[in-house]
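Novice: Please find one structure pasted underneath; my questions will follow.
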Amino acid sequence: MKMAHLLSALAVAMLATSVQGQAPAPAPASAATYPLQQPALPYQFWAQEPLIDNMTQMLHWTKHTATYFENVNKAIKPFPALQALTVEQMMPAIGTESIPMNISKAVRNNAGGVYNHLLFFKILMPATAQSNATNNSALPANIGQAINQTFGNYTVFKKNFTEAALSVFGSGWAWLTVAKNGSLAIETTPNQDNPLMVGAKYSGSQPILGIDVWEHAYYLKRQNRRPEYIEAWFYVVNWPQIDANYMAATGSNAAAITSYASA
């Protein structure tokens, strides 16, 4: 389906009031350490319709993401030292001797899956007839200026990011990251890896924007049409949240990037 047709359907989607696809109730308030608890989303599963469909979002959050939470908790249950870590603190330890060999793969896949999906779902917004992702002038000042300085303008950034996301072979992610010196970069990772896994030979830069290009993120609606999914995804990127993520990353408050009000 052409993007113009998708956008013309937004007004209809905005009228949806059914409770079908309602996001889960908030998790009880708890610390960010073991047992890791999956928070509630700040929007309903149908909020990105028709760009990202309700069923995909529901399965993606309640099945795929929930399984990552379940499996990482199971893996670290016998290890008090790992239980004391937040999921953010686990990332640089992955690929090092800090993670026992017998659970290294489980922690890498599932703690990575938890972190990646917390970021992915937090940076989405409900679909609207006028998206703030349509041109560079709509971007908030801080991230807009940083994108202009690094890529020249938003159009070039979007093109480069799209090409990176398309280049991922099989399952993986494309990221916009912030290095310790504040510079932006586009990076890709396979599976549930992310750039914070410095022990696994990644950059160590902080992701502030990420797109999931595993087929479970789009196959129900888009089948094998990844370019169409990426284009649709850009229309529901929450740029004020990306701006907040950028400020958190450059202000040494990176933990805020994946924190949810319900957690």
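In case you wondered, yes, glycine gets a Cβ from its N, Cα and C as well.
Grabbed the feature section from TrEMBL, which reads as follows:
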BINDING   HIS60, HIS117, ASP212, HIS216  Mn(2+) binding site
DOMAIN    39-124  domain 'Manganese/iron superoxide dismutase N-terminal'
DOMAIN    142-244  domain 'Manganese/iron superoxide dismutase C-terminal'
SIGNAL    1-21  signal peptide
Novice: List, in sequence order, the same-chain residues at least six positions removed whose CB sits under 8 Å from that of ASP212 (Mn(2+) binding site)?
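Specialist: Listed in sequence order: HIS60, ASN116, HIS117, PHE120, TRP173.
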Novice: Which residue, out of the binding-site residues HIS60, HIS117, HIS216, shows the minimum number of other Cβ atoms inside 10 Å of its Cβ in this structure?
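Specialist: Relative to the other binding-site residues in HIS60, HIS117, HIS216, HIS216 has the fewest Cβ atoms within 10 Å.
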Novice: Need the DSSP three-state call for ASP212 (Mn(2+) binding site) to compare against my parser.
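Specialist: ASP212 (Mn(2+) binding site) sits in a strand per DSSP.
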Novice: With a radius of 8 angstroms around the mean position of the C-beta atoms of HIS60, HIS117, ASP212, HIS216, what other residues of the same chain does the Mn(2+) site pick up?
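Specialist: Apart from the listed residues, the neighbours are TRP61, HIS64, THR65, PHE120, TRP214, ALA217.
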